[in-house]
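Only one structure is covered here, and it is reproduced in the block below.
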Amino acid sequence: MFIDNVSAIEVMDSRGNPTVKTTVELSDGTKESAIVPSGASTGKREALELRDGGSRYMGKGVLKAVENVNAQISDALIGLSPFNQAVIDATMKELDGTDNYGNLGANAVLGVSMAVARAAAKSLGIPLYRYLGGANAMVIPTPMLNIINGGSHADNSVDFQEYMIMPVGFEDFATSLQASAEVYHNLKAILKSKKHNTALGDEGGFAPDLSSNEEPIQIIMQAIEKAGYKAGEQMAIALDVAASELVSDGGYRLDSENRTVTSAELVDYYVDLCNKYPIVSIEDGLSEDDWDGWKLLTEKLGDRVQLVGDDLFVTNATILNEGIKKGIANSILIKPNQIGSVSETMQTVRLAQRNGYKCVMSHRSGESEDAFIADFAVALNCGEIKTGSTARGERTAKYNRLLEIENEVVYGEYLGSELFN
């Protein structure tokens, strides 16, 4: 069995920007495709997303990345076995010749990497999660649902990028998703009753103008109660601050509250919020460059709150290893397009898990109908997944795939409240 053809075309993502769709065909006729996502708030150490520049699509075209797939990558992979993912990914890494896919583009390489894995699984007649994870792939991830959007994901006054609910008090994924959808709809009703805008942000959450960064939490608490659930027992709250986007004049600018704070003041603010509300997770609470601030945050909250590094670690095993040595954070967000290939993503997850760091599989704000990360989360036993609210098809595609997987995995395990015990 060998790879017979590799190709790519330019398609659209959920924000109306171009992205790369790759297709891999095997010698037995098996054909599979993948669509690459794209982020809005990105860490500066992420692998390079190759864009065309110029006036076409306001500089965001991806025809260069498409051509790299159709020419260089295709030539390098045709004839290779699809069943050795590490060799496939290493071949593309060597072909690129840089640390961050600065020549071929991570959007070209990742698309091919994903499509190869899909084609190999299909050829063997097994699900993708089983192909990548083997017999040990059995944990159905607990969702982190972004129901109020702010920051760079919305055109509103809220500084923090994501306000999420986590259905931790349920026994299976399907019931958790049901409860989350009910909270989401009750949240909409509350926002309407308060005359707030119920327009949606990039990830399907609501994007109202609110008076502070605490008010969204208060409204979510009301929505949980109105839906008939108990905050802290059945529904917990998670935040993605995306603090790198708030850096200003040596501090952090909170426009909605008309103040600039130091790292220590921001950490104290988080401590206060965690004392008042059932917050179990804070992502990117400090800037990717503020390692002293991260150290302080970890000392203050690391024993009781999940502290997730996204821009901080960018799914990079080398950077994560430095964080582990310095005792920074206790969890990592996993975004395959930050590092550029399936194999490198798996390497980072294994490093995190060996060192007691939790792993949260994640979408990007620019998504598609591709649900690869749903299978990937199960394959790697991540335990948690971020893929938006229960609205917008590119978000629900992942949830619907997880519902299918839960029905397939006979010995599947949904951790729920055990995540934070």
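Note that Cβ sites are derived from N, Cα and C of the backbone, with glycine treated the same way.
Fair warning: this is a prediction, and the values are worked out from it, not measured in the lab.
Quick look at what Swiss-Prot annotates:
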ACT_SITE  Glu203  active site, proton donor
ACT_SITE  Lys335  active site, proton acceptor
BINDING   Gln161, Lys335, Arg364, Ser365, Lys386  (2R)-2-phosphoglycerate binding site
BINDING   Asp240, Glu283, Asp310  Mg(2+) binding site
- Item | Shortest C-alpha distance to Asp240 (Mg(2+) binding site) - which of the recorded positions Gln161, Glu203, Lys335, Arg364, Ser365 | Gln161
- Going by C-alpha distance, which of the recorded positions Glu283, Lys335, Ser365 is nearest to Glu203 (active site, proton donor)? Ser365
- Message: Name the residue among the recorded positions Lys335, Arg364, Lys386 whose Cβ has the smallest number of other Cβ atoms within 10 Å.
- Response: Lys335
- Item | Where the record names Gln161, Lys335, Arg364, Ser365, Lys386 as binding (2R)-2-phosphoglycerate, the maximum Cα to Cα distance in Å | 17
- Can you name the recorded positions among Glu283, Asp310, Lys335 whose CA is within 10 A of the CA of Arg364 ((2R)-2-phosphoglycerate binding site)? Lys335
- Residue pair Lys386 ((2R)-2-phosphoglycerate binding site), Glu283 (Mg(2+) binding site) - Cα distance, angstrom, rounded: 11
- Message: What is the set of residues, excluding Asp240, Glu283, Asp310, whose C-beta falls within 8 angstroms of the centroid of the C-beta atoms at the Mg(2+) site?
- Response: Gln161, Glu162, Leu239, Val241, Ala242, Ile282, Asp284, Val308, Asp311, Leu333, Lys386
- Message: If you count other CB atoms within 10 A of each CB, which of Gln161, Ser365 wins among these binding-site residues?
- Response: Gln161
- Message: Rank aside, I only need the closest one: which of the recorded positions Gln161, Lys335, Ser365 has its C-alpha nearest to that of Asp310 (Mg(2+) binding site)?
- Response: Lys335
- Query: Can you check what DSSP calls Glu283 (Mg(2+) binding site), collapsed to helix, strand or coil?
  - Reply: strand
